[in-house]
Amino acid sequence: MLDPKFLRNELEVTAERLATRGFILDIAHLTQLEEKRKSLQVATEELQASRNAISKSIGQAKARGEDVEAIMAQVGDLGSQLDAKKIELAAVLEEVNAIAMSMPNLPDESAPIGADETENVEVRRWGTPRTFDFPIKDHIDLGEGLNGLDFKNAVKITGSRFIVMKGQVARLNRAIGQFMLDLHTTEHGYTEAYVPLLVNEASLLGTGQLPKFGEDLFHTKPATEEGQGLSLIPTAEVPLTNLVRDSIVDEDELPIKLTAHTACFRSEAGSYGKDTRGLIRQHQFDKVEMVQIVKPEDSMAALEALTGHAETVLQRLGLPYRTVILCTGDMGFGSSKTYDIEVWLPAQNTYREISSCSNMKDFQARRMQARYRVKADNKPALLHTLNGSGLAVGRTLVAILENYQNADGSITIPEVLRPYMGGLTQIG
């Protein structure tokens, strides 16, 4: 959520910056609402003051033995007018808030301006794609050949975009997640967390999935008088970041660095016809998430570090990748600056996204009222939040199967994963 004061004082600047993201802000309508808000605020305060003043005169009139019926009627009339103005004001504030909640974050000045993914800017590459001396297979054929990927039974049990993994492929998938967690906790300074896979509406509002992206979620329980609705998490970013919702943390506690390995659930409502085969785009998938909660002045350096942590996973696995900075038109809703890391997939002869690392600045913190107490003046200030995949486990499995395949369909196990595989050097 954007800073309301900045929005009011710098409306045209805000509109210009949001336009680079493809979001058109109706300046005239917002200006009209702001003028109406001010007018109603003044009217409400004046009515309140008048009612209070006249109410005080009732006691004085009674003390003098005067009839107060007319004064009581006047107070009642002012009360009715006040209630009506309060209802009008609440409606205006609700509309302003709805508009504010629909606005994406302002892009950082260092983010390249562009309309879509074709205008993202590559910043570096690592590794050289392998040259094969035999016809290569994609991860689907490789996984099925190893009797490790069972799409048919997944469809029978649940439906499309799900997977059953078995045997050494399932073990390899587990090993990948364990390796990532161990790396982040022992070398990168993250604390491992185990979090709920179901979250309430307040949590999804806090991190920005609601109200705009409700159709992308799997909702399991509707809201009732007894409580909020529950939805399956689309990413562990939601529960991890919400750990500081409605909190004021001490400055000495920062930075807070958390990681979790969870299943994630997405309806892929806007992805009809994309990646319909294989593991690239599933309704349920595993991901190791990294979250950092930092002081505002530290967030840009934290983004570089967090992106480096995700890249280190690929380097240790020996998987070629490239890192791109997303242009304004391709960034996620809550992001001010994002790096995407794309791993090389030989069967597709291209790089595909395997991690997205973003600095949200105070966008989520304002929605969550997540603050820290500044030691210098002992006053609370909004935190900055960052998140990134470290990495998507299923896509990492895809990359390993394809990059480490052998002519006979077997898969060489990357060296760093062998301790997690009981010392195996290959499967198949």
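Along the chain as shown, the residues are counted starting at 1.
Cβ atoms are placed via backbone N, Cα and C, with glycine included.
Model, not experiment: these values are computed from the prediction.
Using a 10 Å Cβ-Cβ cutoff, GLU289 (L-serine binding site) registers 29 neighbours. The annotation L-serine binding site is assigned in Swiss-Prot to THR235, ALA236, GLU237, GLU289, SER389 on the grounds of sequence analysis.
In the three-state DSSP assignment, the secondary structure recorded for SER355 (ATP binding site) is strand. What Swiss-Prot lists as ATP binding site is ARG266, SER267, GLU268, GLU353, ILE354, SER355, SER356.
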What does DSSP assign GLU268 (ATP binding site), in three states? coil
Taking only same-chain residues 6+ apart in sequence, whose CB is under 8 Å from that of GLU268 (ATP binding site), what do you get? ARG161, ASP216, LYS274, ARG281, HIS283
Using a 10 angstroms cut-off on Cβ to Cβ distances, just flag whichever of THR235, SER355 is the loneliest among these binding-site residues. THR235
Quick one: of the binding-site residues THR235, ALA236, GLU237, GLU289, SER389, which has its CA closest to the CA of GLU353 (ATP binding site)? SER389
